[in-house]
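Straight from TrEMBL, the features:
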type: ACT_SITE; residues: B:GLU340; note: active site, proton acceptor
type: ACT_SITE; residues: B:HIS341; note: active site, proton acceptor
type: BINDING; residues: B:TYR138, B:GLN199, B:ASN222; note: NAD(+) binding site
type: BINDING; residues: B:SER245, B:GLN272, B:HIS275, B:HIS341, B:ASP374, B:GLU428, B:HIS433; note: substrate binding site
type: BINDING; residues: B:GLN272, B:HIS275, B:ASP374, B:HIS433; note: Zn(2+) binding site
Protein chains: 2
Amino acid sequence: MSAPLIHRLATSDADFTAKLDHLLAFEAETDAAIESAVASILADVRKRGDEAVLDYTRKFDRVEAGSMAALEIGRAELDAALAAIPAEVRAALEAAAERVREYHAIQLDKTAGSFQYHDADGTLLGQKVTPLDRVGLYVPGGKAAYPSSILMDAVPARVAGVGELIMVTPTPGGVRNDTVLAAAAIAGVDRVFAIGGAQAVGALAYGTATVPKVDKIVGPGNAYVAEAKRRVFGVCGIDMIAGPSEILVICDGDTAAIPQLADWVAIDLFSQAEHDELAQAILLTPSAAFADEVEAAIARLLPTMPRREIIATSLRNRGAIVVVRDLEEAAAVANRVAPEHMEVSVADPHALLPLLKHAGAIFLGRYTSESLGDYCAGPNHVLPTSGTARFSSPLGVYDFIKRSSLIDVSAAGAQKLGRIASTLAHSEGLTAHARAAELRLKDEG
Amino acid sequence: MSAPLIHRLATSDADFTAKLDHLLAFEAETDAAIESAVASILADVRKRGDEAVLDYTRKFDRVEAGSMAALEIGRAELDAALAAIPAEVRAALEAAAERVREYHAIQLDKTAGSFQYHDADGTLLGQKVTPLDRVGLYVPGGKAAYPSSILMDAVPARVAGVGELIMVTPTPGGVRNDTVLAAAAIAGVDRVFAIGGAQAVGALAYGTATVPKVDKIVGPGNAYVAEAKRRVFGVCGIDMIAGPSEILVICDGDTAAIPQLADWVAIDLFSQAEHDELAQAILLTPSAAFADEVEAAIARLLPTMPRREIIATSLRNRGAIVVVRDLEEAAAVANRVAPEHMEVSVADPHALLPLLKHAGAIFLGRYTSESLGDYCAGPNHVLPTSGTARFSSPLGVYDFIKRSSLIDVSAAGAQKLGRIASTLAHSEGLTAHARAAELRLKDEG
């Protein structure tokens, strides 16, 4: 008997919770060798600036450049790339960018939130929203280069009003990816440097003579990039440290409504599994018969996939088909998983929505394949992974703005508030705090 | 000649920028001994749960407890503390809580941002906002216990709709602080445990038999607590790692309008400096005469301050009075500093406001002492420090909610979006992504 293609579980199993926890367990290993290599690269870039970046680029990317200026990819080259890519790809990138722009403009309107109001004493209170001055965008090079991610990182920054967008992307062997450069042109990136790795993160965080210091670094990268971002956090902001991609599909298995439903679900599971052998794809269904159909569809369709080796490993090690008692129980299990992507392929997905609490993005209905969201529906495809959807959000315009509180206390307000502040400051033993309030009282100094 | 009380700089100094950068330079030391002690405490708490927490509480807090249940401070004890504190302090806490609640309710309305809309093809897009299920609140014990901070951490969580609030606070020697417990009662904390340090952070992050696992930990602590929060980040969310407190005052020095202005400014500088020898207090003024007056006021008022030793050290090492050319230049310097607290004591503060980009909170006008904001104006007093106001925000309701994207693609929408997604997926070599979109095309599969 061959090894199963994918785990089969049922919530009625006595040890279901333990099995699920075991399947979900994932911890990014902290590799001491990577930690120490990154620490030393960052310290060197901080100290020697451009020269250090040039040295590491020579060493790791095999790119000989006489100066950092030679590693800047200018506007003319971006425009040339835009002209060089197939018209169909350019049109698709532009259409995707436009939809992402539209969604994030609405998001900005709903979440940026400058406000001011006066209380009864005439004191003004409020919140001032300011876009970040300058953001760095890390774009992986080589095989893991996804032009769609440039749109997802850069367009919301632009919509939020970020002053300047600096992109870095390694070009191993000096090979520049036209689709990546075209996406940068479409997304409105201001400057592009052909550098990568921990040295590029250091250049953005500390600034060099050529690379400007940024306020925040966003975008995914390999283990060196992730560790470098973790280390510079505080010197500048970072987005998230992403783990392997995940999908969880809740499906009622109603093949009377959609005869090819098992194929759709199987392919949706594949579309996450093909990213990475560590990716996770889980199906929850109340129908044991449908579970069998999906397993059969997996067996039938897997050989047709160019990335079948990756998909097979991912499904075998980390994938699962779980038979649940009903859709309410499916929602409870889904919340426990808190997946990056949650697909709800049921007759009335909006009826289930109030029960769904924890997910990066929720894909509702039969036609909403996760891949539509990945590329062009409009919402961001940079999403919390590894259960962090319990407490974090998709990348959004709110990641590219920050708030300052505003307080303008009237002379009348200072009388009332001053007494409260004085009482509390004395109770905490902070006399200067108390005196600062008391000096503004009319019957005092 | 004695050492100066505070640095004196002028933007017209040839080396002003270098001097300012030197003054601002602050890096939290990463102490290898603390790192390794915390790593081992966290691993132990993760493994042994309650027993480990009891052991460390015995060791570090000198509290003998037979079980974790004995370390839970119940509702009856919170209510007793509320009845025991002076009526004036209780009234001040309640008034402050009410103002903080009102401000954050308005903030929630402006920034939480659930929304849904349909595009022309009938595809629904949106964002669902969900409060966090359970939040842990770290409250320092002993001398650094600030009841006002409990209000600032817990009230916004409650306003945001967090399901359950678990507070931890060490009680060295078993001494419980009534004002702290009363503040917890007023703020609506659900459960309180008398534990602290890295072991309390570990208990909240991993959960034990008695202490429930939380989704996010907020609140300040000592170096062990800060390192523990840094380490559990990812297992759960954390707020920020706070550095020393800071104030920057921009003052026109118009003593004709306010005769006692130099005293007010001096005391405001003190009210930050008294927190900590590492705290930073900076005055920017276009008037050299006023700079002299403030320096004289510092000399005169310092001896009257109970915490004069701390204030003197802070001002001598990290404080500065900077003479600027004009208020526009003051705004530019202030943005470079990006202080936690920025006071704008000028004739028309709102005229200067558009130039002020980077600060945790901005205090406008002569009567708005920073201490009013610390206690009771309404906005949060947990603010970004060490220049991180360039990219981060005050603690707010947005820290206690998270968003999920919503996508419901219509059958018609799947035709248009499917073609875009298919083109982009093929260009990235992700065939399963492309097939998932293509299967939903009406003229295919």
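Including glycine, each Cβ sits where the backbone N, Cα and C put it.
Structural mapping of features recorded in TrEMBL.
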{"residue": "B:TYR138", "record": "NAD(+) binding site", "Cβ neighbours (10 Å)": "26"}
{"residue": "B:GLN199", "record": "NAD(+) binding site", "Cβ neighbours (10 Å)": "28"}
{"residue": "B:SER245", "record": "substrate binding site", "Cβ neighbours (10 Å)": "24"}
{"residue": "B:GLN272", "record": "substrate binding site", "Cβ neighbours (10 Å)": "32"}
{"residue": "B:HIS275", "record": "substrate binding site", "Cβ neighbours (10 Å)": "23"}
{"residue": "B:GLU340", "record": "active site, proton acceptor", "Cβ neighbours (10 Å)": "29"}
{"residue": "B:HIS341", "record": "active site, proton acceptor", "Cβ neighbours (10 Å)": "28"}
{"residue": "B:ASP374", "record": "substrate binding site", "Cβ neighbours (10 Å)": "29"}
{"residue": "B:GLU428", "record": "substrate binding site", "Cβ neighbours (10 Å)": "21"}
{"residue": "B:HIS433", "record": "substrate binding site", "Cβ neighbours (10 Å)": "29"}
(request) Would you work out the biggest C-alpha to C-alpha distance among B:TYR138, B:GLN199, B:ASN222, the residues that bind NAD(+) according to the record, and give it in angstrom as a whole number? (result) 13
(request) With a CB cutoff of 8 A to chain A, go through the recorded positions B:GLU340, B:ASP374, B:HIS433 and name the hits, or write none. (result) B:ASP374, B:HIS433
(request) Given the recorded positions B:TYR138, B:ASN222, B:HIS341, state which is nearest to B:HIS433 (substrate binding site) when distance is taken between Cα atoms. (result) B:TYR138
(request) Whole-number Å only: compute the distance from the Cα of B:ASN222 (NAD(+) binding site) to the Cα of B:HIS275 (substrate binding site). (result) 14
(message) Measuring Cα to Cα, how many Å separate B:ASP374 (substrate binding site) from B:HIS341 (active site, proton acceptor)?
(response) 10
(request) Write down the Cα-Cα distance for B:TYR138 (NAD(+) binding site) and B:SER245 (substrate binding site), rounded and given in Å. (result) 18
(request) Could you measure between B:HIS341 (active site, proton acceptor) and B:GLN272 (substrate binding site) for me? Cα positions, answer in whole angstrom. (result) 9
(request) Compute the C-alpha separation of B:GLU340 (active site, proton acceptor) from B:GLN199 (NAD(+) binding site), stating it in Å without decimals. (result) 29
(message) Going by Cα-Cα distance, which of the binding-site residues (B:GLN272, B:HIS275, B:GLU428) sits nearest to B:TYR138 (NAD(+) binding site)?
(response) B:HIS275
(message) Checking the spread of the substrate site as listed (B:SER245, B:GLN272, B:HIS275, B:HIS341, B:ASP374, B:GLU428, B:HIS433): what is the longest Cα-Cα distance, in whole Å?
(response) 56
(request) Could you name the residues, excluding B:TYR138, B:GLN199, B:ASN222, of the same chain that surround the NAD(+) site, i.e. Cβ within 8 Å of the Cβ centre of those residues, in sequence order? (result) B:PRO140, B:VAL168, B:PRO170, B:GLY196, B:GLY197, B:ALA198, B:ALA200, B:VAL201, B:GLY221, B:TYR224, B:VAL225, B:ALA228
(request) Just give me the nearest neighbour of B:GLN199 (NAD(+) binding site) among the binding-site residues B:GLN272, B:HIS275, B:GLU428, Cα to Cα. (result) B:HIS275
(message) Can you tell me whether DSSP puts B:TYR138 (NAD(+) binding site) in helix, strand or coil?
(response) strand
